[in-house]
Amino acid sequence: MSKKRYPRLFGILPFLGMLLLSGCNWTLLDPKGQVGIEQKNLILIATGLMLLVVIPVIIMTVVFAWKYRASNKAATYTPDWSHSTKIEAAVWIIPILIIIALGYFTYHSTHKLDPYRPLDSDVKPVQIDVVALDWKWLFIYPEQGIATVNKIVFPANTPVNFRVTSDAVMNSFFIPGLGGQIYAMAGMTTKLHLIANENGEFDGISANYSGAGFTGMKFKATATSQEDFDKWVAEVKQSPKKLDKAEYEALAKPSENNPVALYSEASPDQFQLIVDKYEGMNRGRPSHEEAGSKDLATTKGVESSMQPAAGAEE
């Protein structure tokens, strides 16, 4: 390839990159839940602060390379130069200030966006228990006494309290349009608190590779009005399927690309029974739930000032 063709090739590369990026989804930067909005703001702030260093370095690299090129006879030549107080001050003070700012935002966001921290709201939360299976998601509504597979429905502008575990390998529960992910582990209970600021349907995925059926381990999360949610619960209660012991054992067997399933009856204790199956794994150490309670106690002083407002608009 001749040297003349290199500039033309480099000119094409940005367009190829744009073509590839056109298929990307901007869900993380266009969230529909307050937790997701707070996380997006943190990403933008952290990226902006880091670009304060990156962009000047890139610009100076290009400028210096051009200004001090061999063919530029007008460039100042100072072979004995060794020190500049102004440069030293800039390369030390600016990064230190950026690190302090990053530390401040990161510290506050770590407590503010703690997945174990319940969202501040006057509306009663909806409780949903999540069980990761091979390769499908089981959702149990303990207060409504129903269960679903690969689909959840909840009211918009209402906090949703998720308890998450696994009856298979380690997994990760993630609804990108609403907020962050949380791991699902056998014999352990993790927690996640989310809210949808508006009605809509959101994609839910497994964010942790878990075997052959991993790519099909997806579900739909639908935020509706309270009235529509009540109607949906009534419809599920009409389903002929019941999540009894035999049905659960059949469901827990590995299977791929499972369709949505609705169960009119499910024991409120089903989630805890699944966790307790692995009781021997946790013998002699505190449960994840207890550890989370201790973490919350240590950060209680910053709880009220940094709570995401449930149902707030961006």
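Note that Cβ sites are derived from N, Cα and C of the backbone, with glycine treated the same way.
According to Swiss-Prot, the feature compositional bias 'Basic and acidic residues' maps to 278-293.
Here Swiss-Prot flags C24 as N-palmitoyl cysteine.
The signal peptide annotation in Swiss-Prot covers 1-23, and the record cites sequence analysis as its basis.
Sequence annotations record features per position, and here Swiss-Prot assigns topological domain 'Periplasmic' to 24-42 (among others) based on sequence analysis.
Across the topological domain 'Cytoplasmic' (64-86), mean pLDDT in this model comes to 86. Marked as topological domain 'Cytoplasmic' by Swiss-Prot: 64-86.
Positions annotated as topological domain 'Periplasmic' by Swiss-Prot: 108-314 (among others).
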What does DSSP give as the helix, strand and coil breakdown of the topological domain 'Periplasmic' (24-42)?
12 helix, 0 strand, 7 coil
